[in-house]
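Asks: Could you have a look at this structure, given as structure tokens, before my questions?
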Amino acid sequence: MPRAPRCRAVRALLRGRYREVLPLATFLRRLGPPGRLLVRRGDPAAFRALVAQCLVCVPWGARPPPAAPCFRQVSCLKELVARVVQRLCERGARNVLAFGFALLDGARGGPPVAFTTSVRSYLPNTVTETLRGSGAWGLLLRRVGDDVLTHLLARCALYLLVAPSCAYQVCGPPLYDLCAPASLPLPAPGLPGLPGLPGLGAGAGASADLRPTRQAQNSGARRRRGSPGSGVPLAKRPRRSVASEPERGAHRSFPRAQQPPVSEAPAVTPAVAASPAASWEGGPPGTRPTTPAWHPYPGPQGVPHDPAHPETKRFLYCSGGRERLRPSFLLSALPPTLSGARKLVETIFLGSAPQKPGAARRMRRLPARYWRMRPLFQELLGNHARCPYRALLRTHCPLRAMAAKEGSGNQAHRGVGICPLERPVAAPQEQTDSTRLVQLLRQHSSPWQVYAFLRACLCWLVPTGLWGSRHNQRRFLRNVKKFISLGKHAKLSLQELTWKMKVRDCTWLHGNPGACCVPAAEHRRREEILARFLVLVDGHIYVVKLLRSFFYVTETTFQKNRLFFYRKSVWSQLQSIGIRQLFNSVHLRELSEAEVRRHREARPALLTSRLRFLPKPSGLRPIVNMDYIMGARTFHRDKKVQHLTSQLKTLFSVLNYERARRPSLLGASMLGMDDIHRAWRTFVLRIRAQNPAPQLYFVKVDVTGAYDALPQDRLVEVIANVIRPQESTYCVRHYAVVQRTARGHVRKAFKRHVSTFADLQPYMRQFVERLQETSLLRDAVVIEQSSSLNEAGSSLFHLFLRLVHNHVVRIGGKSYIQCQGVPQGSILSTLLCSLCYGDMERRLFPGIEQDGVLLRLVDDFLLVTPHLTQAQAFLRTLVKGVPEYGCRANLQKTAVNFPVEDGALGSAAPLQLPAHCLFPWCGLLLDTRTLEVSCDYSSYAHTSIRASLTFSQGAKPGRNMRRKLLAVLRLKCCALFLDLQVNGIHTVYMNVYKIFLLQAYRFHACVLQLPFNQPVRKNPSFFLRVIADTASCCYSLLKARNAGLSLGAKGASGLFPSEAARWLCLHAFLLKLAHHSGTYRCLLGALQAAKAHLSRQLPRGTLAALEAAADPSLTADFKTILD
């Protein structure tokens, strides 16, 4: 029998998801009588390969196989498979074998599948079809019989290995739906030792545990007499679940699964399952790194189902121009009475939806614990009814012009002073919209002002008894301050929100007020109730609703993910100006009521874009969201939206397929840094081969309003030439890829593969083999979801026409049709623009790359040519404009390195740079003489690294910080900057040093974001290990980018030895961390000693070159970074 592929990573992935993973022969050997042979002499090679490559996976909780199986065949293979598929469809089970099959219904009739009575096939399933017609599977049926094969197909999961390292799933629940069992934690390999830093061997730096502060450790010791890390003492009786405590008459608001004992701590922490031996990195004292104890519940509309994390995305982009609380706001909808307090308690803690006025309500008994809470929550409702929200808003977030009249700038910053009749200051009539726009853009409230407003509201609203103590109030307000200072994609973890909150101070949590001894289960119950109250007040019910009611919160184009808070009265004026400017630049036609009605009734449904604006330094950028259906108040989760979005993704995949098959369609378009590197390297080597090297002329052109200016008729002609709707038919396969990362995490990706009948791979084995040959697919499991073998080009082209000609934009309650350009919020926008400009280049600039190079990143052109007349003609053509393609140069962003005659381009002239300079283009700096490339860091000036860098802190923030830093480092180590055939050694030294210096800024930003006030001095070895891993990772990427070159040798010699990379890394981190010596004093000594040790190892010439690359004058851009 042939040997099975090893596929170690795939086998390890499956073992982490199933109870048992066995070869097919081993599994069957356990069922059959001794001596029964599955593979016999003379069996076909296909059957031998099937037995060798098939893995049987037994799910957790699967029904056991028949006790005495009958190895007799009764049915043919097609009949047996059909019978299994019908049973799966009747059970409603998700099984790969039944993908593409469904039960017949009245609306969707048709003949049933052969050998079934009520199953139809609506999409081809190539895995099932291959199995039904396979001779090898037929022979397997004859050897094992109906009972055993039915059990394998219906109750187990089968995988077939595909050499060299992948597999695909044949049957069973799809692998991407399975979660790892809690009893089998995924192993995480330790951090390897790295030479170069003293005291950072495998033992010193391998632990990434950010230990708790001494104060928290001492408080934990005071809480319990046992050892700090031990579990709760075993109870004499089996501990009851939370649902079985005395309040069992109420709904189970916090159901708990059976879990091992967890340690009890004085801080509020979610009770979660954790292995006593499992360690975590960066967590607070006394917490565990898994999910909260409660499960999602069917709560009311105003309260989210999963209150685990307050997230900043919940208060972004809230429309509306009035600064007021909506009547549907939960606290406003309830009267300040005991009955209203009861409803509020039920809504917060028991997941009950508030009843509409007049609706019949079935009263139920409220548990005693919650009954005693009513007076406090009645006081809260009364405080809310009396709270002067508008006055507090005017006091703490005054409009800047009005605040300047009443007090100093410091008072305005602190939120001092009252503006009783506050209105945004109107600009004089003679001021233009642009001037007024800039003034209004500056009238955003600082996070401190917003926090002062929220603090005043919370102090007015929440009774003292609910806080329990001033300590708890200060802790919660500190978390509110941190919450509004987070970036766009950040969230505040439940552990942070409840850290150091004292349960014993909150008497309203007590189930039995007279009890002097609190059992561990009761203490955890109190923790959960307080945690739920804090999460809902901070993240869902109150703080987020206040922000949504009084502010428009958005990110900007110039401050990365940092959030800006505009009062709605200011934002409404900004939005009005933005809409007027949009009408001036984009051709929109308003729809009549009849047209709107026709679009709503159209079949298939049409997407409608919602417009929002993104602030720029001196303007607004329109952004559209295409996740809406015309006439339906539904978001992207709606089935209609999902179907239309799926069609758009299919169209996108088809266009990409044609682009890959015919690269000339894109012209000079570059799809990323890798494409730029390949094109630039080819050009550089060609120029350097000439002797003497010619003088080169550079032209950079940015197109004005590229997406909005594309003529739709021309775009339709271009796409018709790409798709060829009357000729083309495509085969589209939807599949999922599941892989296991080096750290034990499972990564899932859902993809589409497009082909034609000429290059179709109909069988999954061939398809997986092709993926491994043509892509970087390794150590993965592939699951086919569906396959369409007849995607007509005409239907895809018709979808494209609907997208272009029927794009509806909702602006201010009215609907408009976009008559020019393409929607910017679509996944197709960039590709359509590139295809259109590629067609323009073929028509207008043939042969322009004969001696030079033309590059374009979407709408940013770069021409480098040795011919001055060619450069002038190219510049003149784009400045004059190409109306057939809507292409016109923006002279403010156009630059050349040669003189332009006065009047040659009209009244305006582009930026003229010296003949020899660092020429900027798309974040790159190109040396016009040597053609070496470095990165342009000017975009980081006056920005906050903290605002642009967020990492999922989760249960292991230390490990997540390290993973995030290394992931960003890999992105920045582009081949264009590290290629020694393009750049000289000094330029590569300088590029590597700047990468390390920016990484040091990121390191500092991450340390500032670590939760629980974790000081660096508590675990310096971990942070030193992160710095050492930074140098190691960058040097590995440097070697990969220069494969075939010998970079280093013994004795720190060679072109670029590893010691040089570590020296640059240490120098960069010392430069940054020395400015924060109070935080990093424990690291500076080790870093300085390691740098001195490397300085003694490096040759003098290499050391002098490194010091020149690290000259402070070369890193002036970094001095203006805000962090």
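Placement of Cβ uses the backbone N, Cα and C atoms for every residue, glycine included.
Checked Swiss-Prot, it gives:
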BINDING   Asp702, Asp859, Asp860  Mg(2+) binding site
DOMAIN    595-926  domain 'Reverse transcriptase'
MOD_RES   Ser227  phosphoserine
MOD_RES   Ser446  phosphoserine
REGION    1-230  region 'RNA-interacting domain 1'
REGION    58-197  region 'GQ motif'
REGION    202-311  region 'Disordered'
REGION    231-308  region 'Linker'
REGION    309-539  region 'RNA-interacting domain 2'
REGION    360-510  region 'QFP motif'
REGION    381-401  region 'CP motif'
REGION    905-919  region 'Required for oligomerization'
REGION    921-925  region 'Primer grip sequence'
REGION    927-1123  region 'CTE'
MOTIF     222-240  motif 'Bipartite nuclear localization signal'
MOTIF     312-317  motif 'TFLY'
SITE      Val858  site 'Required for nucleotide incorporation and primer extension rate'
Asks: Please give the average pLDDT for the region 'CTE' (927-1123) in this predicted model.
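Replies: Across the residues of the region 'CTE' (927-1123) the model's pLDDT averages 91 on the 0 to 100 scale.
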Asks: Which sequence-distant residues neighbour the region 'Primer grip sequence' (921-925)? Criterion: at least 6 residues beyond either end, Cβ under 8 Å.
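Replies: Same-chain contacts beyond the flanks: 676, 700, 855, 857, 860, 862, 933-936, 939, 976.
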Asks: Around the Mg(2+) site (Asp702, Asp859, Asp860), what further same-chain residues have their C-beta within 8 angstroms of the site's C-beta centre?
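Replies: Apart from the listed residues, the neighbours are Val701, Val703, Ala706, Arg856, Leu857, Val858, Phe861, Asn890, Lys893.
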Asks: Compile a sequence-ordered list of residues in the same chain as Asp859 (Mg(2+) binding site), six or more apart from it, whose Cβ lies below 8 A from its Cβ; state 'none' when nothing qualifies.
Replies: Asp702, Val703, Ala706, Cys833, Tyr837
Asks: According to DSSP, which kind of secondary structure is Asp860 (Mg(2+) binding site) found in, if we only use helix, strand and coil?
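Replies: Its secondary structure by DSSP: strand.
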Asks: About how far apart, in whole Å, are the alpha carbons (Cα) of Asp860 (Mg(2+) binding site) and Ser446 (phosphoserine)?
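Replies: Counting only the Cα atoms, the answer is 35 Å.
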Asks: In angstrom units, rounded to an integer, how far apart are the Cα atoms of Val858 (site 'Required for nucleotide incorporation and primer extension rate') and Ser446 (phosphoserine)?
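Replies: For Val858 (site 'Required for nucleotide incorporation and primer extension rate') versus Ser446 (phosphoserine), the Cα atoms are 35 Å apart.
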Asks: Summarise the region 'Required for oligomerization' (905-919) by DSSP state, stating how many residues are helix, strand and coil.
Replies: 0 helix, 5 strand, 10 coil
Asks: Give the number of CB atoms, excluding that of Asp860 (Mg(2+) binding site) itself, located within 10 Å of its CB.
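Replies: For Asp860 (Mg(2+) binding site), the count of other Cβ atoms within 10 Å is 17.
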